[in-house]
Amino acid sequence: MDSLTTLYKNHLDTLQERTRNVLARFNLDALLIHSGELFNVFLDDHPYPFKVNPQFKAWVPVTQVPNCWLLVDGVNKPKLWFYLPVDYWHNVEPLPSAFWTEEIDIIALPKADDIGGQLPAARGNIAYIGPVPERALKLDVPADKINPKGVIDYLHFYRAYKTDYELACMREAQKTAVNGHRAAHEAFLSGMSEFDINLAYLTATGHRDTDVPYSNIVALNEHAAVLHYTRLDHRAPSEMRSFLLDAGAEYNGYAADLTRTWAADGDSDFAALIKDVNEEQLALIGTMKAGVSYIDYHIQFHQRIAKLLRRHQIVTDISEEAMVEADITGPFMPHGIGHPLGLQVHDVAGFMQDDTGTHLAAPAKYPYLRCTRVLQPRMVLTIEPGIYFIESLLVPWREGPFSKHFNWQKIEALKPFGGIRIEDNVVIHEHGVENMTRDLKLA
């Protein structure tokens, strides 16, 4: 395996090539990429946690420093103005010296407002990519060159194809997240509350709650029926039945996004259902290959859900085909099979069919699917099927012609467990699929 230094150099070559292409297409001279700024809470002097512009961290693994700027033209060495104030109130990150810094021209920026005097005087043909349009206007960037849609679409489309450097970073993020999942599982087995399980996860990963790529979902019992449950009860429930953990990690700005579900009683019906969802998830991943639409895999898993609903007698006296046709599987798995993953957890361009931004929406029957692209080598996606017992989604089925097929007694018995989700992160290769999560032996 090449060193991170070599991988990064090749990664930069790829970004430079993409930059040359997008500048030529839109007749631009350069891209000015802003890391972002701190924004204060309304009527307060405390800022919100800083979240870096993902287009900025695509170039350099600087994720915690606002007021930084990159100027790239696809030919010359990228220039990074690194914010380095004299400040005794707050910690100041030193000028970076790492595996990547030889490839970047790094200039200290002591005062954020001084960037105007550092940039080229002629800015009429430079595109600003960043979260603060007002700042770009003050720098005399024309309004039509502030986050121009065509440029953003082009950059987003090709972000789906990960470089070897990006894949290496994502594998490292996996390792960190797997450590967290193992620690959280131990905390669950010891009877901890959601709040304390989350602390165990953060300790094992070395992350603060503002460092994780998304808010950890730490759901005990019926809380697992809330897809994005983030409340974190301080008290452990009187009876531990189930635990769903959806939590990730970051490495150099790249995300991992893993989910596991455990049953307190390994001999319960719920534990058997977890086992079967896990087996079907792995079976689906085993069929994945380049050249197939992600939509197809989503539909295929609804067929697998139908099989499990019949096997576990949750839905009875109706064929699997009829179940999928009538969308009886829908209330049990109301989300998509997964999404693109990378610099962002729900990575960009999941619906984009080409580098001009052509959009293909999710099928009307499955509106929450986050990706409609044909899979290609170097794409990274999550595969995260689930079966849930969500009363608000089941209510419409309690009446009508299909109600008789629902085993309501079995469903009521399973509702206190909330639901199941199992999520791995996979890389599409030319001749197969790499399951980064299972490669680390996370059961």
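Any Cβ shown, glycine's included, is placed from N, Cα and C.
The shown structure was predicted, so the numbers you read here are calculated from the model rather than taken from an experiment.
Binding of Mn(2+) 2 is attributed by Swiss-Prot to Asp246, Asp257, and within the candidate set Glu423, Glu430, Glu434 the record adds Glu423 to that site. Swiss-Prot names Asp257, His339, Glu423 for binding Mn(2+) 1. Of Glu194, Glu222, Glu384, the residue it gives for the same site is Glu384. On its own chain, Asp257 (Mn(2+) 2 binding site) has Ala177, Pro213, Tyr214, Asp246, Gly248, Leu341, Val345, Thr382, Glu423, Asn425 as residues at least 6 apart in sequence with a Cβ closer than 8 Å to its own Cβ. Within the same chain, the residues at least 6 positions away from Glu384 (Mn(2+) 1 binding site) whose Cβ sits under 8 Å from its Cβ are Thr259, His335, Ile337, Gly338, Arg421, Ile422, Glu423, Asp424, listed in sequence order.
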